[in-house]
Amino acid sequence: MYAGVILLVPSHAPDCSIGGQEFWITFDTGSSDLWVVSSDCTNPDCQDITRYSSSSSSTLTLSNQSFELTYLVGSVLGTVGTETVTLGPYEISSQTFALANQTSGLALSYTGNSGILGLSFPLVASIPLTSGTPILDNLFTHFDDQHRFFAFKLGRNESQDISYSDSSLTIGELDSSLTNDTSQFAFTPVFASTPGEYDFWKLPIQQITINDQVLSLSRSLVRGAPSPIAVLDTGTTLILGPTADVNAFWYAIGTGGSTRYDQQTETWQVRCERAVDVRIKLGNSDTAKEYPLHPEDVNWAEVETQDGWCTGGIQANNGVDSGDWLLGAVFLRNVYVIHQGKTASNPPMIGLLNTTDPSAALAEFTSSRGQDPAPPPSLLRAGSSATELRDTLATCLVCGICGFLVGAIGIMIYRHRQRRRSQGQVHI
């Protein structure tokens, strides 16, 4: 069976059926486990959402194995079991999943979603592989090499009614309303620190530009990476990167006092009318392509303050250990992404297709937010980063201190010798 299934399109049906019970769930490329909230979950995060009832299923098998998973924000605790899972026309019997008895910080009540379906690689699954195969691998068994992929397009026009979304997730085929031509995509092998061992959907970042000025990036902390590594993560809202680089980014944009750092929330804020052309170049050095961001993704108005300040779509987080950068929804809204599984002839691949016209996006942003009165962005010098600035200042400070000490010691020795000469006690 090679026909694909569009799982997230404008519709009025839940995404997933588990044991005959239907749920709205989050599809997450930044994790690998499937879990759903149990009727035993009573903490506030579980309120006002559909919960799985063990007593209503005849196909559930529970184990005595506990389940614990901590995300970048939020966590979940529960019990591992197996159940019949249905996604579109695909039914998987005895699929390993977890019943969540406790969740925290996941805003489930706000989103209306009852769980998370992870679409990353088995290596990072919290449920041991000895307990069962992650759902993505089970889904891929339905397809031959040519169709062993899923494709994401995150929409912009999300409704408060969770039954509507202009996002799209397809398995085994492309969404024909977007394109049917895979040759339009730029493909990059998924980066692996150890050959053949894949954890997340990762690829290199070659550069980030602000109005055509190159922002120099810190060296990668990922073993074996020749350049910074980005993780594509539908489960993260913003773009997250190293503090030094993110600070340099907002300092460059902040000409005319158009950015500020909120110490209380530890986030960068930007004037809501600030319009900049930001592009991220992704892929291996010989095949990398540039992907522009819509200005509304850099200048995020979803959390607008009353005094005209918005939240920056790029924020600092040094707690990311899977890569150097996380590219969340504010990046993914600008591309159509193919996640190609491993085949007999190729490693896993990421295919990217640009969907944002920077000129049209700027015109749309200006029409919505008004004209930007601030001066153009300016880097401290071409290619400078906050890391380099910090190191330069530190070096200058150390040199200055050393010079002061050497000078002071020299003066003391000179004065001491002068006193001894006047007393006839100088011996050379």
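Placed from the backbone N, Cα and C atoms, the Cβ positions cover glycine too.
What TrEMBL says about a protein is an automatic prediction, not a curated fact.
Residues annotated as domain 'Peptidase A1' in TrEMBL: 12-353.
Residue density at Asp28 (active site): 20 other Cβ atoms are found within 10 A of its Cβ, drawing on all protein chains shown. If you look up TrEMBL, you'll see Asp28 (among others) marked as active site.
Positions annotated as disulfide bond by TrEMBL: Cys41-Cys46. Cβ neighbours within 10 Å of Cys46 (disulfide bond), excluding its own Cβ and spanning all shown chains: 22.
Residues annotated as active site in TrEMBL: Asp233 (among others). A sphere of 10 angstroms centred on the C-beta of Asp233 (active site) encloses 28 other C-beta atoms.
The transmembrane segment annotation in TrEMBL covers 392-414.
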CA pair Cys46 (disulfide bond) / Asp233 (active site), Å rounded to integer, equals 23
Asp233 (active site) sits from Cys41 (disulfide bond) (Cα to Cα, rounded, in Å) at a distance of 27
Integer Å value for the Cα distance linking Asp28 (active site) with Asp233 (active site) is 7
